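Peer 1: Next up is a structure, given as structure tokens.
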Amino acid sequence: MKINQVVLIRHGQSEWNTLNKFTGWHDAELDKKGKDEAKFAAILLKKEKFFFDCAHTSLLKRAIHTLQYILDELNQTWLSVKKSWRLNERHYGALEGLNKDEVIEKYGQKQVLLWRRSFDISPPQINIKDKRFPGNDPRYSHLNIHDIPLGESLEKTAKRVIPYWNKIIYPELKNNKKILIVAHGNSLRALIQHLYKIDNKAILDLNIPTAQPIILDFDNEKNPIKWHYLT
């Protein structure tokens, strides 16, 4: 692995992916396919002799467990891992837990696609009295209640992801650390859009598959050059 690379991986398939539900901040488990995907991602990394100095993931178990499977396969379970809510999936608001086909039937394909893929359009917000509100979860008890999302666009997701990149991850890259980030489709989309200056219309077409390693290439000054999937 070159020192000027960062590896991104979306978590493996979850039980709610299989059920075709909007997952967001719901803490869905990996299903069997997702576990196998995580192990296969590690095999791809091992084949190319990737080795990491540090790893980052979200506070959601589908990402945490994907990372654990990968580190186990790479014989790096001892690696220091930083977990942050800032790498969580975007919050799907009132859509969380709903079947995507049923939502499409109710609101239409065009509207749902905008909620899912556009840059600045948020889904309907959740009410703080709703049992699904993350403020009820002890893992977010350290957050100011005003920082806990009620429903996010990609733009809002980026506003929490990018500061984490700038303050925590990028200094590690500047220090020549080899970095692995296991997170979620939209938190990774937000990061890729920011680094590679993808415009707000083009980002609509970017859909990141589960457990497919993405290699970010940087020049010697640690400026992003290109990105590609490891296959």
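Using the three backbone atoms N, Cα and C, a Cβ is placed for every residue, glycine included.
In case it helps, Swiss-Prot gives these features for our protein:
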{"type": "ACT_SITE", "residues": "H11", "note": "active site, tele-phosphohistidine intermediate"}
{"type": "ACT_SITE", "residues": "E89", "note": "active site, proton donor/acceptor"}
{"type": "BINDING", "residues": "10-17, 23-24, R62, 89-92, K100, 116-117, 185-186", "note": "substrate binding site"}
{"type": "SITE", "residues": "H184", "note": "site 'Transition state stabilizer'"}
Peer 1: For R10 (substrate binding site), name the DSSP secondary structure in the helix/strand/coil scheme.
Peer 2: strand
Peer 1: How many Å lie between the Cα of H184 (site 'Transition state stabilizer') and the Cα of G24 (substrate binding site)?
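Peer 2: Per the Cα atoms, H184 (site 'Transition state stabilizer') and G24 (substrate binding site) stand 9 Å apart.
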Peer 1: I'd like to confirm something. Which of the binding-site residues, R90, K100, G185, has a Cα closest to the Cα of H11 (active site, tele-phosphohistidine intermediate)?
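Peer 2: Nearest listed residue in space: G185.
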Peer 1: List which of the binding-site residues Q13, W16, G24, K100, G185 have their Cα within 10 Å of the Cα of E89 (active site, proton donor/acceptor), in sequence order.
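Peer 2: Of everything listed, what lies within 10 Å of E89 (active site, proton donor/acceptor) (Cα to Cα) is G24, G185.
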Peer 1: Can you count the other CB atoms that lie within 10 A of the CB of R90 (substrate binding site)?
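Peer 2: The Cβ of R90 (substrate binding site) has 27 Cβ neighbours within 10 Å.
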